[in-house]
């Protein structure tokens, strides 16, 4: 025997074992005969869940419990909708809808009504191989009102694909159409209710809340959904969560339950949270709120789930206004014309009983006090806007529109025929109609995307007791139109419920304890900023080209700094460079015109041009130091100038060495001198030194880079120094060290030749040039070790220009002076006489 067969056998057994009720009045509030019957499940009497009635096989008598006004109000909505449809000529013309409605007594009476709706007129549920041709007592079921009951009934009806439309069961479990294929509902799911609550709390910046839940599936599921939703954001934290004790049907708490409730209230009094979210059926809250009043709580915000958000009995506890502000999530308000009068109307003789149905009886179809009790609450029901009533009303109309299509109705008549539940279910899934200005249809999960309202409880008799303050759309998932909130606080200020006050802009959060909502605020330091949308707990560093001040929320571009033409140091250096360029050009021209003279040959002859050309190029390339650095300018700074300078120094050094060799070493080492001259020793030496310098420069560039970068000014972080690679300074120091060595060598050789003939005695000129070069290089190295920034660039440029000027004017200047102003000394005879005089002095 398969699982489905075993289920059917059990259902048949229960149908026969459960007691038979008494006689039914023909056309009562619970029954209306018709061509097609709808089943209705409503809670007319309230009984909290206890295990006492489950210990024996007996249906409880619901009229022994407290009457529930809202349940009767919803049942009247179904009766009103059926009567309205039967009186409508355009919807189901010629067809009378009937109903069978049962009081499910909240959670106590679900199985028996389900079996009653399944069975045929003989109270039998046959076991068949195929139920596609089976016609149960009703074609569809409206209700019940809570998720536990809806799931229980759906587990029975789904086997037969009987359409079941619930009007207030919001459990997300019902969205699973594999387990509940025939379940639909005219309210949004619990996920949307939770989202509306969360957006409400975020809007008012309540991030420190208390959650109280009932000890049943409703409380557990909704609190779990809330916790899941809050894990997606750190904006809201739960200070603590407690389970409310559920009293027995007598509403009298046992001592253990009283202690549990006292502990909860004590924690609530001591917590800094002022927002309390309550997920519980209204039945469990009467005792709780009486205790809240006894403890004299004030200043709280109570957020109600849909189960008690518009409960008139709780609202009737007018002293609750002193405990704080009551907000709740419920279905949108839609006024139904004529329903308020119908609700309190005495029943009139019903429609004639068609031959297609027979009168049957079931239990819990009496409520003697319902009408009178409802009349006493009629005013508050009218002012509340008949919120959930519209969900029942639209559910009946959804069945009617589906039946209208299934029967092939036109404007005047319908084709009455057998209607099987699975056929009607298929049509219900595809209904799409307008009812009282609202477009109604079912989505893929079987939910009708109705709007939700955020309501506030009011106790002013002239106002709506459940005033709408905001609206939530399940389609857009957004909360809109938040207004008209009357806070029960001094000066009508928004209550504050925060574990920690919000940080100021530019302050990061540092968690304190386990909750992300509890934190201390720390300032973001200069150079960092806070991007709250990305990370509220860490200050982010600004990119290299940007900066920020203390407590900034964004970075700004640093002010770039580099040598510019309008600056005084740049102008001074440019004048010196121009002087060097034109003087070198003049020297080059003079030496070219007097190339064959003894003065030019004694200065080095062709080697002079090897010095003058790099000097001229170096002076011409000085502008690369000015303006934003580029790859080319960095290359020139790191390579071109130092190579040119090394060529000049090596030429001077080898020239000094060669003069000393001629006069002092040629006689002692004639073969060495002959070898030196035969193989062009001076040029080999210059080439060798140049090759070493090029190798050093290339190695330095390969080890670093020649790409310009921006660096922070150590004195002002707001300034970004645009310069070459930072290791450029290290390379410059290394290159300068080699130039210092050449300067020392040149100076040494020049000093050794201080006694040479006057025309060949260049010691004082070379000493001047080398000493200046040595001093300036030492000064540059010292300056670079102490300072940074644009000053280094200025100093580097100034030293470079002065070094070249020292060579150009210090070495070549005196020779040009002699050539131009003392031509008589620029003759071979004069030079020979000077050599003879030197020889005679030495001999």
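Here the Cβ of each residue, glycine as well, is placed from N, Cα and C on the backbone.
As annotated by Swiss-Prot, signal peptide applies to 1-19.
Per Swiss-Prot, topological domain 'Extracellular' is recorded for 20-570 (among others).
Here Swiss-Prot flags 87 (among others) as N-linked glycosylation site. DSSP assigns residue 87 (N-linked glycosylation site) to coil in the three-state reduction, placing it in neither a helix nor a strand.
Swiss-Prot lists 296 (among others) with the feature N-linked glycosylation site, giving sequence analysis as the kind of evidence. There are 9 other CB atoms within 10 A of the CB of residue 296 (N-linked glycosylation site), with all protein chains counted. DSSP classifies residue 296 (N-linked glycosylation site) as coil under the three-state reduction.
In the three-state DSSP reading, residue 316 (N-linked glycosylation site) counts as coil. What Swiss-Prot records for 316 (among others) is N-linked glycosylation site, and it gives sequence analysis as the kind of evidence.
Under the heading N-linked glycosylation site, Swiss-Prot lists 355 (among others).
Residues annotated as N-linked glycosylation site in Swiss-Prot: 372 (among others).
If you take the C-beta of residue 432 (N-linked glycosylation site) and look for same-chain residues 6 or more apart in sequence within under 8 angstroms, you find 439, 440, 441. According to Swiss-Prot, the N-linked glycosylation site annotation covers 432 (among others).
What Swiss-Prot lists as N-linked glycosylation site is 484 (among others). Annotation for residue 484 (N-linked glycosylation site): spatial neighbours 456, 467, 469, criterion Cβ-Cβ under 8 Å with sequence separation of six or more.
A helical conformation is recorded for residue 491 (N-linked glycosylation site) in the three-state DSSP classification. According to Swiss-Prot, the feature N-linked glycosylation site maps to 491 (among others).
Around residue 531 (N-linked glycosylation site), the same-chain residues six or more apart in sequence whose CB sits under 8 Å from its CB are 540, 553, listed in sequence order. Under the three-state DSSP scheme, residue 531 (N-linked glycosylation site) falls in the coil class. Marked as N-linked glycosylation site by Swiss-Prot: 531 (among others).
Residues or ranges marked as transmembrane segment by Swiss-Prot: 571-591 (among others).
Taking H, G and I as helix, E and B as strand and the rest as coil, DSSP gives the topological domain 'Cytoplasmic' (592-606) the counts 9 helix, 0 strand, 6 coil. Positions annotated as topological domain 'Cytoplasmic' by Swiss-Prot: 592-606 (among others).
The transmembrane segment annotation in Swiss-Prot covers 607-627 (among others).
The topological domain 'Extracellular' annotation in Swiss-Prot covers 628-642 (among others), and the record cites sequence analysis as its basis. If you take every residue in the topological domain 'Extracellular' (628-642) and average the pLDDT, you get 80.
Taken from Swiss-Prot, the feature transmembrane segment covers 643-663 (among others), and the record attributes it to sequence analysis.
When other Cβ atoms within 10 Å of the Cβ of residue 491 (N-linked glycosylation site) are tallied across all protein chains shown, the result is 5. According to DSSP, the secondary structure content of the topological domain 'Extracellular' (628-642) in residues is 12 helix, 0 strand, 3 coil.
With respect to residue 296 (N-linked glycosylation site), the closest of these glycosylation sites in Cα terms is 316, chosen from 87, 316, 491. Local packing around the Cβ, expressed as the count of other Cβ atoms within 10 angstroms, is greatest for 316 among the glycosylation sites 87, 316. Residue 87 (N-linked glycosylation site) is 36 Å away from residue 316 (N-linked glycosylation site) when you measure Cα to Cα.
Under 8 Å from some Cβ of the topological domain 'Cytoplasmic' (592-606) lie the Cβ atoms of residues 651, 655, 759-760, 811-812, 815, 818-819, 825-828, 830-831, all in the same chain and six or more residues away from its ends.
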